[in-house]
């Protein structure tokens, strides 16, 4: 950790002053700002800061730290103190944090918790981390659909402090099944004597506990929800997922997609800064080895044209431009396509229409790049024929690269495989092989005249 | 547009039935779902659908459609009808939509609006589209800090229907300057007779109207706000930005970043499906031409080693694998770094620490890839020396590619330039040039023995 003296002094000053002057430091300092500083402190400093915080403050700050960092901090504390602090956190954050700790440390902390907290947490820990159940909280507000607005507001005033969001109030029928939703806004503007079933919306979108978190994120984003309810198979309300957790999911999933595009991924359970060199290399090497084999395969294509190169060495000078352009055009096509599918801009119904347009784009770009490179080659090597060979190869390579860069992700998408993960190495190898084959094949045709 | 008969029939059936059976189709059909279908309809069908919707429904649906699609639909309607529908939209969505239309169509619609709507919209249209002012709405709730909770709740019940979000209530002092914020939740759980200044939070983060929308998005994401206030230089409240608009910004900016990584970008003012071939090619060609020049430059390096290739043609067979690996490793390093900076995982203070770790990763990966390729080369060409030359070149290329892939984005970041936009072509060209130079330089040293 890089230590910033001023940050540390600022925190300690705040914490020491506040006992005299005010009881809640968080009036002046937002927990997120404090959270951002703490992870840079040494172990001893971290322990000192937490000893100066009350449980509520500590819970707020732990909830705002990066998960790996907060787990590290909690592991430094005694299980009893950690249990008291964690008890002030919403269940979803508490569960995430416990799930991040080593099993024995987590169990030690859980053993100091109150009975009902223990049960909630153990229940939540059973859901996979990246499922709706894994990110939901069980602190939601639900009312029987038969009570009045006035009764609801009165009850709300009693329970609100412990619920994570009060902006949606879910209504349940006599069997505790999800019946509808009333926003706090609708509640506030309704008449006291109205019954919830009269003002609630009955079209409630909900997700199952095992729904993938990415799907939940898309739902919240599409419908602009502040929260979405999680139900079991019998439509019984289990918990809710709030928009702040969804934003974290979107960031996480987008990062995953972007890294997959280049065959990298995050090191499970540690941040970029803390991951070991070996663990980082492990995430990237599989793709690199595939690329390495692809590169050797492309090279073997060249070996078939050994005589051609032997006769006209200048042909080798244009290999980089042919390969680079194929690579870049292919990357553009596949990235634009993969992103378009991810954002919903390219729905499945128009995929092939999009494909044909992309080929037209490839033809236009191919002709422009082909003319440019053939002029450059003619001027450089003083051979219009060589310029012609390079130019024609460029046109073919660019068109092929747009085709391959689009058709391979379409192929994976149609088969239900995430194209971001898989398309890259295939596109690279196929465009190299085809590009070089076209280039040397055309060159071989004109070889007599090129010599 | 691809036409899906069933979707069209479903919509029309809904719209025809609802006059008899119910007044609000949106009870059964969420506006987002309807919005998703409409953009696939023909012009005539679109006009028919909107003629069957009342103004409120039309406003909801227009607000949920992709901006380009809703602008297209509105352009089909008479300015008077469009003005009535738009008047039901929140000001921020209304402004976005008008900003998307051709100027004369927008002015025609505005001329049919009510005076106060006209003034609001004209004011909002003056802010740049991607600034806080451009995405904010002026329909927020603010109270004098001196009123009581009870008074606030009463007032809230009157004004809530026209405000976009009621979840944060901003308090202002006697000079209309932003003084604090009370969440609806805090208001609900407070005593009737308490004064807002007693329960409000005085640490309110706000943004200026000219703040970049990406910065606003990061703020909302970091602090988990449901809305953020926009103020002028004198701290006077101008509007608010809500979390749903922020999620759209995050998606938009992430897409932009991803596309920039491959030198593509969205076509201004039209969707992927509708953009013309020429306009798509225009967004991609500048980068391709730079890459083309870079590729020719790399090729010119090879020409210096013409004699070496002439003597040992087999050297050309390993050019693709050296170039591809340099490209892939460089892309991994720069993508992981750029994404880490974007998500805040790599703060500026640890950038160089990160850089040195990345080089260590490069050394490890280089050694592994180098050994692999040297074995493959030895087996394929039957020359351990050639295997040695290719292997050593691979080690150097991979290490150099991680270095270049990180140092170039660091360079741009330190200078305040978005590395996602600029790093790509430089990384490609520099790694090609250095990789090929190393390869042929080492080969030339051992040339006597390779022949």
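One is the number of the first residue shown, and numbering goes on along the chain from there.
Even glycines carry a Cβ here, placed using N, Cα and C.
These figures come from a predicted structure and were not determined experimentally.
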I'm validating the feature mapping. Which of A:341-360, A:361-380 is tagged transmembrane segment in TrEMBL? A:361-380
Suppose you had to name the range TrEMBL annotates as transmembrane segment; which of A:264-284, A:285-305 would you pick? A:285-305
Highest Cβ pair tally under 8 Å against the transmembrane segment (A:424-447), stretches A:311-331, A:361-380, A:386-412, lands on A:386-412
At a C-beta cut-off of under 8 Å, are there same-chain residues at least 6 beyond the transmembrane segment (A:311-331) that contact it? List them, or none. 298, 302, 362, 365, 369, 373, 377, 381, 383, 386, 390, 393-394, 397-398, 400-402, 404-405, 427-428, 431-432, 434-436, 439-440, 443, 447, 450-451
